[in-house]
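Notes for the one structure printed next.
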Amino acid sequence: MLDSRPEPITDVVSELGECPTWDARDGALWWVDSHAPCLYRLDAAGGVRRWDMPEEIGSFALCEDGRVLCALRNRLLLLDPATGAIEHFATTPNDAATCRLNDGKCDRQGRFWVGTFGTAPDAPDGALYRIDPDGRVVVAIRGFVNSNGLAFPVGTESFYHSDSRSRVVYRLTPSRAPDTYVRDVVFTTSSGEHPDGAAVDSEGHYWSALYGAGAVVRVSPDGREVARIAVPTVNPTMISFGGPDLRTLYITTARYMTRGDLDENDVLAGRLFAVRVATPGLPEPRFSNM
């Protein structure tokens, strides 16, 4: 771990920043403000471009054909960044009135995974969906409150997933039955530390943004916390490795508090941060829609 402090890299302030994603093709960083709602792109020269969304956007994936797969409340749309054209791709079975799509990421096979975030504070009625390139929607697992923490290591079919509300990070492994998964606990966090968005590095360690705790932790495959980075705002939401050497850790944050208001005293809340780290991350796969 490098001895450095995360620093803001743009003046953009998000109510609920999420889903930082490094675009290796263009040397750009994408992220969303779920509540604006909009998609942002920060280019290598420091310019920021914005695409407004028709409703809350929980996450997205860059596609092989250059478009962007956007996860809204209960539908997935394909955005052409060059023209702004939007095309419907798939619909998920969650009730959009009470539950919206949240954290999402592509696996190493180019399939998009996305879970739900419910409005009922403690109802374990969430679901994790797998979106295949042909538009098929698979319900992978149910029974949690706030789906987060997706991360896909290399060399294994298992992957990580968290329930932020219950403060548990799981490892999911395909079972013998088609499209079903076994869930094992990897680690739990302390009270007030909610495991939000995540990524894995090239050594197989899991990095998690701890919402409410102002920290990012690095966790070994056997569930031990081995490093912690202090973030100068209380609500980091998600992380991503980027830069030419994948040793820059990008961190989105939120002004939006758990209880639903905005914290006016946290002056760096909602900013996008970056910090250099010793261990590189892994390239994030694109959605295989070609």
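Glycine too: its Cβ is placed from the backbone N, Cα and C atoms.
Long-range Cβ contacts of D196 (active site, proton donor/acceptor) within its own chain (separation 6+, distance under 8 Å): D103, N148, G149, S162, S164, S208, A209, L210, Y211, P236, T237, M238. When secondary structure is read from DSSP and collapsed to three states, D196 (active site, proton donor/acceptor) falls in the strand class. Feature annotation from TrEMBL assigns active site, proton donor/acceptor to D196.
Positions annotated as divalent metal cation binding site by TrEMBL: E18, N148, D196. Taken residue by residue with DSSP, E18 (divalent metal cation binding site) is part of a strand. When Cβ atoms from all protein chains are considered, those within 10 Å of E18 (divalent metal cation binding site) total 26, not counting its own.
What TrEMBL records for R100, N102 is substrate binding site. Taking the Cβ of R100 (substrate binding site) as centre and 10 Å as the limit, one finds 22 other Cβ atoms among all the protein chains shown.
Under the heading domain 'SMP-30/Gluconolactonase/LRE-like region', TrEMBL lists 16-255.
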Counting other Cβ atoms within 10 Å, pick out the least crowded of the binding-site residues N102, N148. N102
Overall pLDDT of the domain 'SMP-30/Gluconolactonase/LRE-like region' (16-255), taken as the mean: 95
Could you tell me which three-state DSSP class N102 (substrate binding site) falls into? strand
